[in-house]
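Novice: Structure below; questions to follow.
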Amino acid sequence: MSVENVAKHPIPPGFEDALLLPDGYAKMYAESVSDPEGFWRREGRRLDWIQPYSKVKDTDFTLGKVSIKWFEDGVLNVSVNCVDRHLATRADQTAIIFEPDDPKTPARHITYAELSEKVNRFANVLLSQGVMRGDRVVIYLPMIPEAAYAMLACARIGAIHSIVFAGFSPDALANRINDSGAKLVITADTAPRGGRRTALKSNTDAALLHCSDRVRCLVVKHTGDQTTWIDGRDVDVLALMEQVSPHCPPRPMGAEDPLFILYTSGSTGKPKGVVHTSGGYLVYAAMTHQYVFDYKDGDVFWCTADVGWVTGHSYIVYGPLANGATTIMFEGVPTWPDAGRFWEVCAKHKVTQFYTAPTAIRSLMGQGPEWVEKHDLSSLRVLGSVGEPINPEAWNWYDKHVGQGRCPIVDTWWQTETGGHMITSIPGAIETKAGSATLPFFGVRPAILDASTGVVQQGDPAEGVLCISDSWPGQMRTLWGDHQRFEEAYFQQYPGYYFTGDGCRRDEDGYYWITGRVDDVINVSGHRMGTAEVESALVAHQKVAEAAVVGYPHPLKGQGIYAYVTLMNGVEPTDALRKELETWVRTEIGPIAKPDLIQWAPGLPKTRSGKIMRRILRKIAEDDFGALGDTSTLADPGVVDELIENRMNRA
Ligand code: WTA
């Protein structure tokens, strides 16, 4: 097996005083994996505990009894750690900068004192609606400060939040409200984005038709747009916040009490409710935020993700606020009103760390460097990438035009399930290579296993599937209401290991290169999508008999969605129907799930036992049908020729 050896980029000057000196990483990493108890016992102290923990790590990856507990007997409150404890020293410091969609609307600076008041009031609103410890609250909000208030308010009273990305459809929202058994959903009237408005309240109304009529709806009147109103069910949060007390005592919570559920796509079936708990998650989010971004007092940190994704949870809200940082919440999009918006915001707020996804970099790269050059980016110190492998071309453009060659790039590999960064460079400590996530974070023990035999690949280079051999505090604890599915999805395939679902190679220097998902999850513009979800949306259409969905390489999105659709007998395949199916999927799941290409497939390649051979469909979608491999087990090999003949992607 050959793994090309790519030269390292040296650490740029100016990082001599970074948090870790060059040999600090290796030493600290060795310590973290040789004595995890001692290491995390110390690291756990970065939080304020109401009752300190005596136990540190109690974890077991054995199939049938998988159990993950950290700081188990410690008692804390997450909102106190993100807000109250900063008041003595930084009440007047900005906690959140809200940058609205429309650049003509002034930004808002919310201090820690103000954040504290809002969170307390919001918590009292939740209590007034009967929300109790352990209750689930679904948050369906745009990128506005109220989203952070709502999250922290839940944490304050011990309720479990579950954020649903505002781009999801009413159906997707209803499924998540029902699966989590939420008592309450928090939404806004409408959400401006890129100059357009999404009708969140009316989406919520539509979703609630499929939910218990006991579910209440708190509405943030954000734009003031007209919405329907159901008395007794709908509540004006902002008005009520004015009426309740600005003091809400924080509820002491066990370290292992759930903090949030976040639904994410798996390779099969309905979305999985990933559960994160309070103590370990916050220790890990805060620690990774500090080291990986070389975060220092006075920095202005900007993560461009949406709070609806895990990246927004850990690196817009929990990590930065636990560290007393100034964090930006951006309501808009990178390309509106023009392709310079990101850089204009960086210059305006003197951003020091900028964290975004490769798909955004690729699309801005296509607009030319002049959009970047117009703005003063001298405040930037560290650049980050997340969500999908970054191609060296985009990496080099980011480095040259945005970082001007002086900002280390941290390519952070991690997942909803991992809570925080797992494999990543650290500024001033780890030299980078364009396209590599580099080395494991402290306490993380990656292992590369042979995909079919499960044998651990020792030594460098190596290639296979990426597993993690021991627990870390930010690890998910279970799937909401389905611990068995949790074990099956992550611990069954390679016994004794957490299986990430990603392929990986390790080069001669021990650097990790993530090669993408090896399961039926695709990564579209940095968003995770289960092909099974798109398939079940398609077959729910009355004209569709069968559907198979795969990913294919897409120049901007990383992967595009390619759907093979078999129509019901007698249905005419037309362009109009293609459009209709696209719209159908948008409304069933959301715009991010819309197929890029739909190929009419009179038949799908199946084994004699009726199993769809996705490997073949992937190859055809990649326009790489020369290497179809063994097709002898197909029930009807003729369908393959037909599919090749009419393939939609001719690269
Ligand atoms: C992919 C997002 C390569 C990977 C934080 C993973 C990446 C999935 C990177 C998780 C990266 C994320 N390099 N691939 N730096 N970061 N991925 O749960 O396939 O939305 O399994 O979490 O994104 O996506 P999720």
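The backbone N, Cα and C atoms fix where each Cβ goes, glycine too.
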Novice: Per TrEMBL, what member of D450, D460, D482, D502 joins G387, E388, P389, D411, T412, W413, W414, Q415, T416, R517, R528 in binding ATP at one site?
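Specialist: Within the candidate list, TrEMBL flags D502.
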Novice: Which residue, of the binding-site residues T311, S525, has its CB surrounded by the fewest other CB atoms within 10 A?
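Specialist: Looking at the binding-site residues T311, S525, the Cβ with the fewest others within 10 Å is that of S525.
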Novice: Could you round the CA separation between R586 (CoA binding site) and V539 (Mg(2+) binding site) to a whole angstrom and send it over?
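Specialist: Computed Cα spacing between R586 (CoA binding site) and V539 (Mg(2+) binding site) is 14 Å.
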Novice: Three-state secondary structure of R517 (ATP binding site) from DSSP?
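Specialist: Looking at the DSSP assignment, R517 (ATP binding site) belongs to a strand.
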Novice: Within the domain 'Acetyl-coenzyme A synthetase N-terminal' (25-82), how many residues are helix, strand or coil going by DSSP?
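Specialist: Tallying H, G and I as helix, E and B as strand, the rest coil: 26 helix, 11 strand, 21 coil.
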Novice: Out of G194, G195, G387, P389, which of these binding-site residues shows the lowest number of other CB atoms within 10 Å of its CB?
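Specialist: Across G194, G195, G387, P389, these binding-site residues, the one with fewest Cβ atoms within 10 Å is G195.
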Novice: Taking only same-chain residues 6+ apart in sequence, whose CB is under 8 Å from that of H541 (Mg(2+) binding site), what do you get?
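Specialist: In sequence order, E580, L581, W584 meet the Cβ cut-off.
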Novice: For a Cβ distance below 6 Å to any atom of ligand 1, name the recorded positions from T416, R586, K611 that qualify, or say none.
Specialist: T416
Novice: Ranking the binding-site residues T412, T416 by other Cβ atoms within 10 Å, which is at the bottom?
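Specialist: So among T412, T416, the binding-site residues given, the one with the fewest Cβ atoms within 10 Å is T416.
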Novice: Taking only same-chain residues 6+ apart in sequence, whose CB is under 8 Å from that of R193 (CoA binding site), what do you get?
Specialist: D101, P142, E331, G332, V333
